[in-house]
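Here's what TrEMBL has on this protein:
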- B:1-25: region 'Disordered' (REGION)
- B:5-118: domain 'Phosphotransferase system enzyme I N-terminal' (DOMAIN)
- B:His178: active site, tele-phosphohistidine intermediate (ACT_SITE)
- B:242-522: domain 'PEP-utilising enzyme C-terminal' (DOMAIN)
- B:Glu414, B:Asp437: Mg(2+) binding site (BINDING)
- B:Cys484: active site, proton donor (ACT_SITE)
Amino acid sequence: MSASAEATVLITHAVGLHARPSVKFTKLAKTFAAEVEVAVAANGPWFDAKSIVKVMAAKAPKGTLLHIRARGDGASKAVEALVGLVQRDFDEGADHARSA
Amino acid sequence: MRIDGIPASPGYAEGPLFDLDQPPAAYQGKANATEERAALEAAIGKAVSRLAALVDAADGDAAGILEFHIAMLEDDALSGPAFASIGSGQPADAAWRAALDSEVAGYEASDQDYFRARAADLRDIRDQVLRAMGEDGEVATPQGAILYGEDIAPTRFLETDWSEGGGIALKRGSTASHVAMLARSRGVPMVVGLGATAGPLTGNALLDAEHGAIVFSPSPAEVETFRQSASSFADRQGAARTFLTEPAVTKAGTAVRVQVNIAYPSDVDGIDIATCDGVGLMRTEFLFGKTLPDEETQYHAYRKVLEWAGDKPVTIRTVDAGGDKPVPGFTVEETNPFLGLRGIRLSLARRDIFRVQIRALLRAAIHGNLKVMFPMIATSDEYSQAAALFVEAQGALAARGVAHRLPPLGIMVEVPSVALAPEAFADVAFFSIGSNDLTQYVMAAARDNAAVAHLNSVRHPAVLRLIAAVAAFGRDKGIPVSLCGDAGGDPAAIPALLEAGLRDLSVAPAQLAMAKAAIADVAV
């Protein structure tokens, strides 16, 4: 199993890869057997995409070019799915729509 | 000892103080590392299941926060360093605290507001586990207590049993916070902005959340005065209930329309339509809480409220995102969001999203007496552009043979430019004064900042003069004028609003009875 894939995607979500977006991102990453990592720069450091603590630690705000790479079973599918999630703005407006 | 603050949710509470900032119950060390490890695992598990139970009862953003906390707690990367320290001889509580404090420090060091704000979440997560680790394990706050501290976590509010009374007294806090909104809707007395001076944290305290004060170690005389005020408040509330089912009329016999403000379609489930004159403000931001809502979701939400109201009017405000109501994926980050791209400005900038809402409104209009208003209008051109989009969408629906109706289109009066020069808006169907924003813009005092709360008064002559001018303009031109800010339900502000010429107020459902009672006292 030497399958591997890599891609970059621009984060357009207002608060970046954080809190609720991270919950969705890591949940999706965990559905793949492949080892998946993210980074905010091409040369790393790379963070485990299945760990919300690590993904949050990447501190990727809006406008970040997010690097995603995967190795192993379903690597390209994993990268494709995660890129799609980021492009769809994590299928949300998240944190709060407070009323006043 | 009495400390003054700002009322965030009216009412009175007398009871023992509960220190929100106290360290959790002492942890009893275990015999060896294996047991320490088990204790930490059990505490994390307990915290997760407690949060999971809260998620079921929460909605919208509260659920989102809780889900984030759960995901963090379930991530081995969070607890890994703590388990490693246990392996090298540390007790579980110290190991967990050190591991989480280091995470908190990481967030606090961030140069971005949003990331820094997550430090509070990490502290909340840290304390949830520490509390679960305490010997009794149970974290329930005593019933009937006054919760006193710097600030209060939403999880703490949600897991407290308020059935036996009690209240919240915060040194900082905000009347616009999530917990403040929850407190108002559940009738839990709450005062914020009490400042750093701490009273003695033992014994009973008196919380006056009608005027905004807390009394520590009260004297018998203070207790007596307090109980009189509390019972007078309860009497007024009780008396108000008798006003609830009657139309509102002043002492002089002037009829006043009283409508309700709602945020969620489900809000109307607990309201008898016979007790109000319609919905003066239905916010639509809630629909934009989780995802950008599709047309069907919006259509059904609007239709539900219209059918509930029957032939009484329902005024729906197009999405008012931005300012203190960011919607990721829709609003933009700005250094001064209250003066930025919010309300109608944002809708006109994101027409793809606005058109979906417009279609849903046009289709829902056939199910009741719908009126639609635009928030944050500053110029007549904005109104014309928004109205043109309605006409354009109407044409498209007609061409497709979809049932619809064009509702009357009005505007919020909250930007001072409109109140100062209303003549540019002689062709709108109605005005609704948003007194919260109008006041903060006239007084240049943010409404979510305790430090300038004394400036943020709708009863300042400058604000009242603008309200009176808009009311007079409406009378002149035959344009209905109502008011839908918090002031409409404030018994202290109601006399001044009626004197300014208003005869149509929209209030929070919980304030309906008190507002009608206050109106009956006015001699206008």
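Including glycine, each Cβ sits where the backbone N, Cα and C put it.
Summarised as a single figure, the pLDDT of the domain 'PEP-utilising enzyme C-terminal' (B:242-522) averages 92. Within its own chain, B:Glu414 (Mg(2+) binding site) has B:Pro375, B:Met376, B:Ile433, B:Gly434, B:Ser435, B:Asn436, B:Asp437, B:Leu438, B:Tyr441 as residues 6 or more apart in sequence whose C-beta sits under 8 angstroms from its own. Long-range Cβ neighbours of the residue listed as 'active site, proton donor' (same chain, at least 6 residues apart, Cβ-Cβ under 8 Å): B:Gln259, B:Asn261, B:Gly280, B:Leu281, B:Thr315, B:Met412, B:Ser432, B:Ile433, B:Gly434, B:Ser435, B:Leu505, B:Ser506. Shown for the region 'Disordered' (B:1-25): DSSP residue counts in helix, strand and coil, namely 0 helix, 15 strand, 10 coil. Residue environment of B:Asp437 (Mg(2+) binding site) contains 24 other Cβ atoms, counted within 10 Å of its Cβ in all protein chains. In the three-state DSSP assignment, the secondary structure recorded for B:Asp437 (Mg(2+) binding site) is helix.
Classification of the residue listed as 'active site, proton donor' by DSSP places it in coil, neither helical nor stranded.
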